[in-house]
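Enquirer: Sharing a structure with you now.
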Amino acid sequence: MIRSNSSSALLSVVAGAICISFSAVFAKLASTSPDVSAFYRTFIGGTCLLALSLVQCREALFPLLKKHSGLLCAGGLFLTLDLMAWHRSINILGPGVGTILINFQVFFLAIAGWMFFKERLTARFVFAVPLALAGLCMLIGITLDSFLTSEFSGIGLGLAAALWLALYTLMVRYIQMRSPEVSPIAVVALVSLASAASMGIFFMWNSTSIAIPTATDGMWLFLYGLISQAIGWLLISRGLPGIPTSQAGLTILIMPALSFIWDIIFFARPAGIMELTGGLLALTAIWLGTSSQASAK
């Protein structure tokens, strides 16, 4: 029975990772601006998760809002900055590389754990950092002449997105630690809607239109919010408590790996031996960084 529950949890995490792996594809297919795409992801996904939370734990939502309103807003702001940077990185580098870059968050999380929570940095982590950089250089073909090109800007945006995502993750974890009785879905729902609200304020300040150009764009944005933000994180949050941390880190690597494959299939990304080797090195480094976090705790 225990084995059956573990297998069910693993399947849930895998299914969630597959859903989220399409994030960059949906963002690329929609012809809206990076910021507008991010708004609809958080608004649609957050609304769906909030509806589910109202059914499952309605009585816990208002105390959560009252107790952690500032932290929820901060988490929403970090998510906003993450998505704005990531979508721009995708437009420059493509969905595959953009998704691999954002998963470099594991390194920022490990450094934050070392700085603020006295978690040790293992030899595995120290080895993973140069391995990740080497893989990135091979994947994108970085040379000394490319440091002033748009590709280098895309790398900077992708790494910035990874930093903001790490801060968002830390904020969500902190809220859950302070209120363990509240469903993670409720926390993600409120943070997502806080992110959508912060983007809405930004749009009003800059007189930015959030009009959707075509019905096809509307379909991609709806799928983006529903599948990548709502269903994906719902499946992962339900499955994660039932599997080991090291296995969770390896399983979630399905996201950047599949995103790279979708980039090749749907957007005809060139993928020679050098690029594939670089992608494999980067994914291996991300796994090493994830597993080193688990062993250091």
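Any Cβ shown, glycine's included, is placed from N, Cα and C.
OK, TrEMBL features for this one:
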- 9-140: domain 'EamA' (DOMAIN)
- 37-57: transmembrane segment (TRANSMEM)
- 69-86: transmembrane segment (TRANSMEM)
- 92-117: transmembrane segment (TRANSMEM)
- 124-143: transmembrane segment (TRANSMEM)
- 153-288: domain 'EamA' (DOMAIN)
- 155-175: transmembrane segment (TRANSMEM)
- 187-206: transmembrane segment (TRANSMEM)
- 218-236: transmembrane segment (TRANSMEM)
- 248-267: transmembrane segment (TRANSMEM)
- 273-290: transmembrane segment (TRANSMEM)
Enquirer: Going through 37-57, 155-175, 187-206 one by one, which has the most CB pairs that fall under 8 Å from the transmembrane segment (124-143)?
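Expert: Answer is 155-175, with the largest number of Cβ pairs below 8 Å.
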Enquirer: Averaging the per-residue pLDDT over the domain 'EamA' (153-288), what integer do you get?
Expert: 87
Enquirer: Could you give me the DSSP helix, strand and coil counts for the domain 'EamA' (9-140)?
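Expert: Helix, strand, coil within the domain 'EamA' (9-140): 118 helix, 0 strand, 14 coil.
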Enquirer: Are the transmembrane segment (69-86) and the transmembrane segment (273-290) close, by which I mean at least 3 Cβ pairs under 8 Å that are 6+ residues apart in sequence?
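Expert: When sequence-distant Cβ pairs are counted, the transmembrane segment (273-290) does not touch the transmembrane segment (69-86), since fewer than 3 lie under 8 Å.
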Enquirer: With pairs 6 or more apart in sequence, are the transmembrane segment (218-236) and the transmembrane segment (155-175) linked by at least 3 Cβ pairs under 8 Å?
Expert: no
Enquirer: Is it the case that the transmembrane segment (155-175) and the transmembrane segment (187-206) have 3 or more CB pairs under 8 Å, with pairs at least 6 apart in sequence?
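Expert: They do touch: at least three Cβ pairs between the two stretches lie under 8 Å.
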